[in-house]
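Taken from TrEMBL, the feature transmembrane segment covers 43-62, 69-88, 108-127, 148-170, 182-201, 269-289, 309-329, 350-370, 390-413, 425-449, 469-488.
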Amino acid sequence: MRAASLVCVVEVLENLVFLSNATNFVAYFTKTMHYSISESANMVTNFIGTSFLLTIFGGFIGDSFFTRFRTFVVFCIIELLGMILLTVQAHDARLQPALQEKPSSSQAAVLFSGLYAIATGVGGIKATLPAHGADQSDHSKQRSISSFFNWFFFSLCIGGLLSSTIMVWIEENRGWNWSFKISVVVLCVALCIFIAGFPIYRFKRPGGSPITRILKVFASASRNRKVSSGLELINDEVGERSHKKFRFLDKALFDDTISAVQVKETRTFLGLLPIFASTIMMNCCLAQLQTFSVEQGSIMNRKLNNFQIPTQSLTVFPLIVVLASIPIFEHLANSYKNKMSENHYILDPLKRVGLGLALASASMAVAAIIEFKRREAAGNGHTLSVFWLGWQYLLLGFSDMLALEGMLEFFYSEAPDNMRSFCTALSWCSTSMGYFLSSVLVSIINSITGKLDREWLGGHNLNHNRLDLFYTILCILNFLNLLNYIYWAKKY
């Protein structure tokens, strides 16, 4: 518990740094580096998407070559070096473009070197930290692993809450450059705390490249695809006959260099992929909270007495509700555990993910209705309160909690022993693909509607756009995706 607690503390600090910089970068790119707003927004979206996509690389390294402890330390240092590089650039006028000029090639090189060093570091950290923390749990008790991931997500939300409140206030009142300085200090503290747990951590030795093993199984199964005699005997010997999924992989066992463990590992990994693919659309909805929902909030009534609510702080309310709900869920789960056996769930991970996908569809339906009402009010000369957006933020907050926490636990628990970091990274990779899918959907919808009449999302004025219809399409797509997920989850 002490070792897992250290991991949760580190996650608070790491997520605080990542999210505060994700919001701070837009101001830095536009005000200091003189990129346009659209260029800056694309750069931030690409940064976030790349960070989550690189978790696959970080997970591969953590499973194949280093321990997860060493992988975290290496990638945290890479992120720290990237932060230092950007901090130096932010305080050295020679590394910044002149007023009203674009960055030179050398200045842009410094910027992107620092930016993608951070993205690489984030990818390695997010892949290995949850897997390393779960390694500290008692694997004979599934409830212990489930409890860790609940508190890990609690820590992730605390980092998000601090970045949405304290860091946003610092950026707006003390300047964005303070955010870089604080991030460097906080990341150093996180690294020191993590290393301090070295004497009490449980370590998992790397098991070599899982991708190489999977490719070898596929190659061998392909070579022996026409062989049939002797397969029943091989299945009986290795105890694999009970498996009905991907039976074609059993033919790899005719190759003496392929073990039954490698075939089982490949079969298990392939079984996870449909679940992973079914969660991407939900993350496409989450991308709206950092794009169109922020734009909605900026033209709504944000006053609370004499205080104007920053648009970036709209996530505070759902974060508080989610933070309150996790201890309640843990209390109910522990009460249920005392009445039932150790490995019984109130909601198992697949059901939690499914409920998260259902809430994502509901949130888009609510978002479409609220946007329709907002446009209608704007047409009549009225401005709706920004608190109406709280419903879509709240539903998507619960959706993210159930889906992401469920995915982390599911992929970790179901993954082969030597692929836990790599498979856990699928949770973050789903987020990355959701962000990229959002950009693709916007482009496709603008292209189609532009040919028919007028682009739904092409104008600069939301009152003239049809964001409500875009949200309606997302609602329908998420509902169809939910049906697809139910099919694969039942099959699993």
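Backbone N, Cα and C atoms are what each Cβ position is placed from, and that goes for glycine too.
With pairs at least 6 apart in sequence, the transmembrane segment (350-370) and the transmembrane segment (469-488) have 3 or more Cβ pairs within the 8 Å limit; the two touch. Between the transmembrane segment (309-329) and the transmembrane segment (148-170), the number of CB pairs under 8 angstroms, six or more residues apart, is three or more, so the stretches are in contact. Segment contact is absent for the transmembrane segment (269-289) and the transmembrane segment (148-170), given fewer than three CB pairs below 8 angstroms at sequence separation of 6 or more.
Of the recorded ranges 43-62, 69-88, 148-170, 350-370, 425-449, the transmembrane segment (108-127) has the largest number of C-beta contacts under 8 angstroms with 69-88.
Between the transmembrane segment (350-370) and the transmembrane segment (148-170) there are fewer than 3 Cβ pairs closer than 8 Å, counting only pairs 6 or more residues apart in sequence, which means the two stretches are not in contact. 43-62 is the stretch from 43-62, 148-170, 390-413 with the greatest number of Cβ pairs below 8 Å to the transmembrane segment (425-449). Below 8 angstroms of C-beta separation, residues 18, 22, 25-26, 29, 35, 68, 71-72, 75, 115-116, 118-120, 122-128, 131-132, 206, 209-211, 287, 290-291, 421-426, 428-429, 431-433, 435-436, 439 of the same chain, each at least six residues beyond the ends of the transmembrane segment (43-62), sit close to that stretch.
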